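According to Swiss-Prot, the protein carries these features:
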type	residues	note
BINDING	H69, H110, E145	Zn(2+) 1 binding site
BINDING	E145, D179, H214, E259	Zn(2+) 2 binding site
BINDING	H182, D227, H229	Zn(2+) 3 binding site
Amino acid sequence: MLKIGSHVSMSGKKMLLAASEEAVSYGANTFMIYTGAPQNTRRKAIEELNIEAGHEHMKAHGIEDIVVHAPYIINIGNTKNPDTFALGVNFLRAEIERTEAIGAKQLVLHPGAHVGAGAEAGLRQIIRGLNEVLTREQTVEIALETMAGKGSECGRTFEELAYIIDGVAYNDKLSVCFDTCHTHDAGYDIVNDFDGVLSEFDRVIGLERLKVLHINDSKNPRGSRKDRHENIGFGHIGFRALNYIVHHPQLADIPKILETPYVGEDKNNKKPPYKHEIAMLRAQTFDDQLLEKIVADTQ
């Protein structure tokens, strides 16, 4: 069964219930949340996340497999500022607790950035951080995301992710989130040779570690190292390639999460594209009028 959804918001008093309601309104059967704003580390207590009501709504609508994303501000690759590293380690420990309480199995993490110290130093620091965070007892896996290589980001290549995994003691608690935009922007040819890329991933990392897919088109050509998401079928990856990935038989059980941009000229009234993009991917037919339909949607 196709597991497809999007990033949704966990906010207000409804929290997890609000996230599930939003996902269902898009025709989704999975979703991804941040436990608070992605730009900061302010978080509500677990008791305020409205988990029980959220679970009831999810169960009623056939949603079992959800994903949590750690905030962007976390950087355990930073060797230059001990406070930034310590904040990342401490926050990740607490985020694992929240993720377990919510009932998600995967916590997606941007591995980190070396901020000028060099890739090797950054990778070693990420390993150090994960070794401080991960425990034998935890049930949540940290899903290291494939990165575009923008700035000093670590995790642009499968080899870098494998290096991190190999250096971590409890690496059975590590998985990978494959982002189509990032992988394309990093230089992998997922448009013309996705099966070749998948084989390379399997050889370097192991396909059994692939637990989350971020499905995004890209505003930039392959290898640009930019990381700018585009709506499905309207970027440099294109609908054919993304549809092939979404329906790939080897990836059937993996949650596919859309993180595509809201649509509209009015910055204060942009519309979420997810209901339309999910329907289009389910139908496996590209709609070149999609953006106009999203803007016209009054729901």
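Using the three backbone atoms N, Cα and C, a Cβ is placed for every residue, glycine included.
Between the C-alpha atoms of H69 (Zn(2+) 1 binding site) and E259 (Zn(2+) 2 binding site), the distance comes to 12 Å. By neighbour count, meaning other C-beta atoms within 10 Å, the densest spot among the binding-site residues D179, E259 is D179. Taking the centre of the Cβ atoms of H69, H110, E145 as the Zn(2+) 1 site, the nearby residues of that chain (Cβ within 8 Å, site residues left out) are A70, Y72, V108, L109, A143, C177, D179. On its own chain, H110 (Zn(2+) 1 binding site) has A70, Y72, I74, E145, M147, E153, G155 as residues at least 6 apart in sequence with a Cβ closer than 8 Å to its own Cβ.
Under the DSSP three-state reduction, H214 (Zn(2+) 2 binding site) is assigned to strand. Cβ neighbour count for D227 (Zn(2+) 3 binding site) (all protein chains, 10 Å cutoff from its Cβ): 21. Long-range neighbours of H182 (Zn(2+) 3 binding site) (same chain, six or more residues apart, CB within less than 8 Å of its CB): E145, T146, M147, A148, H214, D227. Each of V108, T146, C177, F178, T180, C181, H182, V212, L213, N216, I257 belongs to the same chain as E145, D179, H214, E259, is absent from that list, and has a C-beta within 8 angstroms of the C-beta centroid marking the Zn(2+) 2 site.
If you take the Cα of D179 (Zn(2+) 2 binding site) and the Cα of H229 (Zn(2+) 3 binding site), they are about 10 angstrom apart, rounded to a whole number. Within the same chain, residues at least six positions away from H229 (Zn(2+) 3 binding site) with a Cβ under 8 Å of its Cβ are C181, N216, D217, S218, K219, G235, E259, T260, P261.
Cβ neighbour count for E145 (Zn(2+) 1 binding site) (all protein chains, 10 Å cutoff from its Cβ): 23.
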